[in-house]
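**Q** Below is the structure I would like to discuss, written out as structure tokens.
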Amino acid sequence: MKKARVLLKPSLLPSCLTRAKYFFSSVSQLPSISHQMETDPSSGSERYCYDPVLRWDPQVEDYFNKAYGTDHFARISKALTRPSSYSCIRVNTVKTTSDAVIEKLTKILNDSEDGLKLVQPDGSSPISKCQIPGLEYVVFVNGSGPHKIQYDFGLENPPKEVLVSRKCAEAVLRGAQVYVPGVLACTAHVEKGDAVAVCVAIEQPGDEGDWSVNMTRGTTLQGLPKDPFYCERSGLYIGMGTTMLSRAGMFRVSHGVAVDLSNRVFRLPSFHNVLEGEIFLQNLPSIVAAHALDPQKGERILDMCAAPGGKTTAIAILMKDEGEIVAADRSHNKVLDVQKLSAEMGLSCITTCKLDALKSVCLPNTLNDSKTVVNGDNSGSMTSNKEMAFDASRRPEAEKSCEKTATTEQSNGGDNVSQAEVRKNKGRLKNGRGRTQTQGGRAGTSQGFPPNSFDRVLLDAPCSALGLRPRLFAGLETVISLRNHGRYQRKMFDQAVQLVRVGGILVYSTCTINPSENEAVVRYALDKYKFLSLAPQHPRIGGPGLVGRCEFPDGYIEEWLKSGEEEMVQKFDPSSELDTIGFFIAKFSVGSKD
Ligand SMILES: C[S@@+](CC[C@H](N)C(=O)[O-])C[C@H]1O[C@@H](n2cnc3c(N)ncnc32)[C@H](O)[C@@H]1O
């Protein structure tokens, strides 16, 4: 067995370890996930193993190599192909406590076969409470891997196989089952109950610089070198399991588990449908982003790109469900997801609306034309509005009329309504239709909000998502598309900055490692809006941002942070000891806008 590789530059270790000190007192028993697996060519283990190489567009790779250094980027790239070695659970403290959740999860794991596999080498529980001050409501469940799977076949006698899509494999590596829609191909004559090796089909380069899997669903595999995708599957085996359906069944039915993957390269518990409403599976940096916003009870907060509502609900819990959070998203269906999650978690301070973040600011001359509607889902928050620091009733009538929130079509048919009607509806909805009954329905459209109408704004921007783990393919992003993400985010930022009141806070976050969407957006913001300044974040467990600039071969110059700014942001590096997704958080204080 080769030795585990050191994942951090030695010079970075002291500061990272200080940051990680609290964290690691709870996640200290994690088996290393950087072991290279033993190989034995004669047994086919070079082929039947998990050792993926993440493919990038060459220019993107070049850009990231310049930004991070070649060795560091190679480590990031490798880390992205693996799941984080633990699951992070945010406890809904409005409903329960970490201790109660730990007790319930322990029982659930003890009662399940899979739970036994998670018990740590020293026999201790894989479940622990986060030790970072202020984050005691976060619970970790350690997983393990990569495990060497005994496929028990040599090259002469290949295993029966099920080939799954990349998306399916990424979910399976995070602990999901292999569901029927994810199956692309299967060996001939597979019957229900057969032992199969599960491998993944990853996009391959085409003749015209395109990428595709190029395989028809239902393809028959023989396990022979003449199989389609034979070479490409090498090193892409994610486990061994038992088929729940015959080959014919897998391609006939539309849903259900295709393979019970009992022997996995990575073992992480699945929390699907577990303790619904009491817990939420969320990456640690996302929880930290909600803390960076530092929401206070009674404040009025805008979450501009809120769906599915992970951060919205985290913010609501930090506010003890007192105040008003407007959770907006461009997608109608996704807004319904936020409503559903809020209801499930029993949070009443969340108002939802469909709103394009690029049109979030409604200017005074549009106010007269705008429609005002009531969000039945927000009936609870209407009550708590009375206590709000930024009380809607104290805002000018013109400002209030700018808002139009969820379920409105149901209450007023989407027509313009008077304020009196609005208030009447609020009361009716509060005592009438239950929150969950609004879910089936509709998300109202907002016309935007007046400038300076929020105490705090979170812009958790749509991004290239190049920090998400595990990721098995990254070839579609080009330097141009990466720049375009940054452009889109800057436009959203232009809106966000107008909506925060003087003295308020704006948090910008992404789940990508791409500096064009992180440091370059911060540079843009600080250079354009002189009234913004970077604010300290608590807790600060991420690493520093990138200082400097990048000159591209086409002459484009991208400016990043200036010296002294790097420690004000949090950059979560997937290859660091924290073992999180790649994530970026910048917090801005809004000074006088004059
Ligand atoms: C990174 S996700 C947000 C995740 C969310 N904050 C959470 O923690 O659960 C980005 C979201 O932005 C939304 N989005 C994309 N473009 C948008 C736009 N122009 N206006 C509003 N939302 C947008 C997407 O629908 C997506 O739900």
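Using N, Cα and C of the backbone, Cβ positions are placed for all residues, glycine too.
Computed from a predicted structure; not experimentally measured.
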**Q** Of the candidates Asp294, Asp356, Asp494, which one does TrEMBL list alongside Cys305, Ala306, Ala307, Pro308, Gly309, Gly310, Lys311, Asp329, Asp460 as binding S-adenosyl-L-methionine?
**A** Asp356
**Q** Between Lys311 (S-adenosyl-L-methionine binding site) and Cys511 (active site, nucleophile), how many Å separate their Cα atoms?
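**A** That comes out at 13 Å between the alpha carbons.
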**Q** Could you round the CA separation between Gly309 (S-adenosyl-L-methionine binding site) and Cys511 (active site, nucleophile) to a whole angstrom and send it over?
**A** 15
**Q** Using Cβ-Cβ distances, find the residues under 8 Å from Asp356 (S-adenosyl-L-methionine binding site) that belong to the same chain and are at least 6 apart in sequence, listing them in sequence order.
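**A** Looking at Cβ-Cβ distances below 8 Å from Asp356 (S-adenosyl-L-methionine binding site), excluding near sequence neighbours, one finds Arg330.
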**Q** Quick check: in three-state DSSP terms, what is Lys311 (S-adenosyl-L-methionine binding site)?
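**A** Where Lys311 (S-adenosyl-L-methionine binding site) sits, the three-state DSSP reduction gives helix.
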**Q** With every protein chain in view, what's the tally of Cβ atoms within 10 Å of the Cβ of Lys311 (S-adenosyl-L-methionine binding site), excluding that atom itself?
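**A** Excluding its own Cβ, the number within 10 Å is 23.
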**Q** Over the domain 'SAM-dependent MTase RsmB/NOP-type' (212-591), work out the mean pLDDT and round it to an integer.
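**A** Reported value for the domain 'SAM-dependent MTase RsmB/NOP-type' (212-591) is a mean pLDDT of 83.
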